[in-house]
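Chemist: The structure's right below; bear with me while I get my questions together.
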Amino acid sequence: SQYSAVDTNPLSVYIMQPIWNKIIKIVPLWIAPNLLTFAGFVMILVNYFLISFYDWDYTASGTSPGLVPTWVWLFSAFTTFCAYALDSIDGKHARRTQSSTPLGELFDHGLDSWATSIFVLSFFSVCSCDNGKTGVSVYTMYIYLSIVLFNFMCSHWEKYNTGVLFLPWGYDISQVVLIAAYLLTGAVGVEVWQKPFLFGYYITDALVILLIGFSLFLSFPQTLYNIYRAHLKKTLKNDSLYEGLLPLVSPLLLFVLLTVWVVLSPGNILAKQPRLFLWMVGVAFSNVICKVIVCQMSSTRPELFHWFLFPLALVVYAAISGLLGWMEEVVLAVFTALVTAAHVHYGVCVGRQLSEHLNIYIFSLKKRAQE
């Protein structure tokens, strides 16, 4: 299917696109677009693990002065900008080198579906966990992450139904806000997040309110409107309501199961292991959404229940029924490792299959020899 995306965000159209058009000119023509996509993702990962090293339990910024060195925040701003730039020019570069493929589209959106949660998890280190005075509670973090992922899911659910990806306005705005937040933290120190800045509200409160406002009052209604418009124009991909709603079943069940675990965990798992738990949420979500993206690209029907929901349901049941006891954290760690490994394995397999099917290399513009 022909890839089509629509971007109407003024920030993107008038400010960022001209910047990307300048940057793209520096990229040598022999570089494969997927290499740009992957390099951006690796930078996000490196940054995430670096921050995790200094701030495993999201408390480092709760102390004054913060325990994370200044250079780490500046490095975060740099890597976030680079990843944002690479993600914005990979498609342009593919058109420039006439190497646009379904593999590239899947690679880009698949990595984005994972990167989305990693951006958010890195940013949480700026605001720090609630220490009674300032900071954000781990439950707020969980809700925050869920809303961001819900937004991502909506834009791909919309593409599944309309065949067009309307790029969410939130993306460019969030990237610019992230970079600014890291620069601010690097320049002024984490103290800036611990002082009320307006009417007794903290900057983090403002960001949370902005995010929820953007999602519920801008992105989601826009998605529904675009689907409704396609319905009126009779350009919808799916005839029945059942098929149209099918991709939402697994992500929503995933959210329900995870929320049940968070709320009913006897050992209060989210508070004990916020980083592990939220990482697992991001990976699980990414895997579920990748399946939707594959179905949407190949015009196939997604299965009703993603396989991953079954082991998750077992683990959640064992945890909340008290069967796991003190083992809950250990089981979470093992489960997180398995889910991450399964997701990476899935990505590698799909990439391999597509590269063989389309007769191209993933990271090179050289053509494969015909067998």
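Cβ coordinates come from backbone N, Cα and C, glycine included.
Because TrEMBL annotations are produced automatically, they should be read as predictions rather than curated entries.
Take a look at what TrEMBL says about it:
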{"type": "TRANSMEM", "residues": "26-50", "note": "transmembrane segment"}
{"type": "TRANSMEM", "residues": "70-86", "note": "transmembrane segment"}
{"type": "TRANSMEM", "residues": "136-154", "note": "transmembrane segment"}
{"type": "TRANSMEM", "residues": "166-187", "note": "transmembrane segment"}
{"type": "TRANSMEM", "residues": "199-220", "note": "transmembrane segment"}
{"type": "TRANSMEM", "residues": "241-264", "note": "transmembrane segment"}
{"type": "TRANSMEM", "residues": "276-294", "note": "transmembrane segment"}
{"type": "TRANSMEM", "residues": "306-324", "note": "transmembrane segment"}
{"type": "TRANSMEM", "residues": "330-348", "note": "transmembrane segment"}
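I'm curious about the neighbourhood of these features; can you describe it?
Modeler: Away from its own ends, the transmembrane segment (70-86) comes close to residues 19-20, 23, 36-37, 39-41, 43-44, 46-47, 50-51, 54, 115, 119, 122, 126, 175, 178-179, 182-183, 185-186, 189 of its chain (Cβ-Cβ under 8 Å, at least six residues beyond either end).
Within its own chain, the transmembrane segment (136-154) is flanked in space by residues 58, 112-113, 116-117, 120-121, 124, 127-130, 168, 170, 174, 204, 208, 211-212, 215, 219-220, 223, 248, 251, 255, 259, 262, 270-271, 274, 277-278, 281-282, 285, 289, 292, which lie at least six positions past its ends and keep a Cβ under 8 Å from the stretch.
Proximity of distant same-chain residues to the transmembrane segment (166-187), defined by a Cβ-Cβ separation under 8 Å and at least 6 residues beyond the stretch ends, is recorded for 5-9, 11-12, 16, 61, 66, 70-71, 73-74, 76-77, 80-81, 84, 119, 123, 126, 148, 151-152, 154-155, 158-159, 193, 207, 211, 214-215, 218-219, 222-223, 226.
Listed as Cβ neighbours of the transmembrane segment (276-294) (distance under 8 Å, sequence separation of 6 or more from its ends, same chain) are residues 106, 109-110, 113-114, 116-118, 120-121, 124, 141-142, 145-146, 149, 152-153, 156-157, 160, 247, 250-251, 254, 258, 262, 269-270, 300, 302-303, 306, 308, 312, 329, 332-333, 335-336, 339-340, 342-343, 346-347, 350.
Under 8 Å from some Cβ of the transmembrane segment (306-324) lie the Cβ atoms of residues 250, 253-254, 257-258, 260-261, 264-267, 269, 284, 287-288, 291, 331, 335, 339, 342, all in the same chain and six or more residues away from its ends.
Same-chain residues lying 6 or more positions outside the transmembrane segment (330-348) and placing a CB less than 8 Å from one of its CB atoms are 110, 114, 269, 273, 276-277, 279-280, 283-284, 286-287, 290, 308, 311, 315, 318-319, 324.
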